[in-house]
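Record features, source Swiss-Prot:
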- 1-16: signal peptide (SIGNAL)
- 36-163: domain 'C-type lectin' (DOMAIN)
- 38-49: disulfide bond (DISULFID)
- 66-159: disulfide bond (DISULFID)
- 103-134: disulfide bond (DISULFID)
- 123-145: disulfide bond (DISULFID)
- 135-151: disulfide bond (DISULFID)
């Protein structure tokens, strides 16, 4: 009990010292003492931080914008993660860029963060492998599915990066 209180106090003091009380933090790890957090305005899901950017940008400019925050356009790895991302984009009402592309090798889709493309939610007849359509737009049509579209279109975007792990601090033993 005392250890839990000390950890909570340490977290509160760290946040106050950083002047950043708007961060989203989650206890993780087998000991329950590790803390991961996201910057202010970012939202956490499965150990990653996501940010919806409503600015209408070309895909490459959206990626550059993410990189300025140490992130990439989001990769999506499960239906649950996609549901979370859709909620970030005003419940799926706003078309947005994510980090998938086949611009380098047509028909070979990859994520900008170099993770495997182990989940997709393409709309019917997509991707259609049109050479000028090599970036992924989400929230298309009634099904809110994915479409390969020209990278020069203007859309909002979703960035993602790993959550920051705050090192576990072992409080001094009290004798």
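Any Cβ shown, glycine's included, is placed from N, Cα and C.
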For residue 135 (disulfide bond): intrachain residues, at least 6 apart, with Cβ closer than 8 Å: 59, 97, 100, 101, 103, 148, 149, 150, 151
Nearest-integer angstrom distance between the alpha carbons (Cα) of residue 159 (disulfide bond) and residue 145 (disulfide bond): 18
Separation of alpha carbons, residue 49 (disulfide bond) and residue 66 (disulfide bond) (Å): 12
Cβ-Cβ neighbours of residue 38 (disulfide bond) (radius 10 Å): 23
Alpha-carbon spacing, residue 123 (disulfide bond) to residue 134 (disulfide bond), which is rounded to whole Å: 15
Cα-to-Cα gap, residue 38 (disulfide bond) vs residue 145 (disulfide bond), nearest whole Å: 27
C-alpha spacing of residue 145 (disulfide bond) relative to residue 49 (disulfide bond), in angstrom: 22
Conformational class of residue 134 (disulfide bond) under the three-state DSSP mapping: coil
C-alpha spacing of residue 134 (disulfide bond) relative to residue 145 (disulfide bond), in angstrom: 16
Neighbouring C-beta atoms (10 Å sphere around the C-beta of residue 134 (disulfide bond)): 22
